[in-house]
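Written below as structure tokens is the structure these notes are about.
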């Protein structure tokens, strides 16, 4: 298992980001969906936990076959999705990802938001993350994949008309007010001989890119969401979820006829079923458990930048 803690600062307050996060995730998911891939929201409902209090449970299916590297496609079916389950007890959240036919694959992300510049070395209150496993991500200067760059989201050119903030300058985290930090403890595991290290490193590289892009967008889009109430952003979230689901399903429905697609278990081409089982892989039909209770930590995922 490979564990890292990411710290991403933003020129916002924790209270502001409660709205900004919901807006950003909804808009980003819609932008990234289409062509039969993207994010489908299965459920989004209120949830209460005795320890964390009232919150929100969200379950999504993420279709991303074409985004996998060639070596990963060797053991992944042609058509599949990752399941995301997120428990939002703001300012603390838990997000878990799983793939039903890969029981030895798991990702767990714990997040806590605080009004500081990332200087809390024991934000989760248990065991401090070793310094060599902590990575500060700078939404201003750290590079992102070229395909994700937009001048309107370049924070060196960004200027908020509503708040007067921006543009950001090098060293902004040292003295900018307001400032908050998104602390994310990410644990990923893929215990399959010959693939573990490469897969876990690939996952962390992609998580890093997703975190940078998402947090940049939350700031760059501030004039779109700043001033919205929680009820208003929930209405926006619902409308965008319906639009996103429609984009994903319509693209799938207009794709190749179902009869021309290989059966799910036939689409695995790496080896025979007996060998797959030795690798910890199964060809069971993809079904998601309905239990919505908060999982214990750590756990193996059975259920998909936030």
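Every residue, even glycine, has its Cβ placed from backbone N, Cα and C.
Model, not experiment: these values are computed from the prediction.
Features reported for this protein in TrEMBL:
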- 241-255: compositional bias 'Polar residues' (COMPBIAS)
- 287-298: compositional bias 'Low complexity' (COMPBIAS)
- 1-242: domain 'Phosphatidylinositol transfer protein N-terminal' (DOMAIN)
- 151-170: region 'Disordered' (REGION)
- 241-267: region 'Disordered' (REGION)
- 279-306: region 'Disordered' (REGION)
Number of helical, extended and coil residues in the region 'Disordered' (151-170), per DSSP: 3 helix, 0 strand, 17 coil
Reported mean pLDDT - the domain 'Phosphatidylinositol transfer protein N-terminal' (1-242): 91
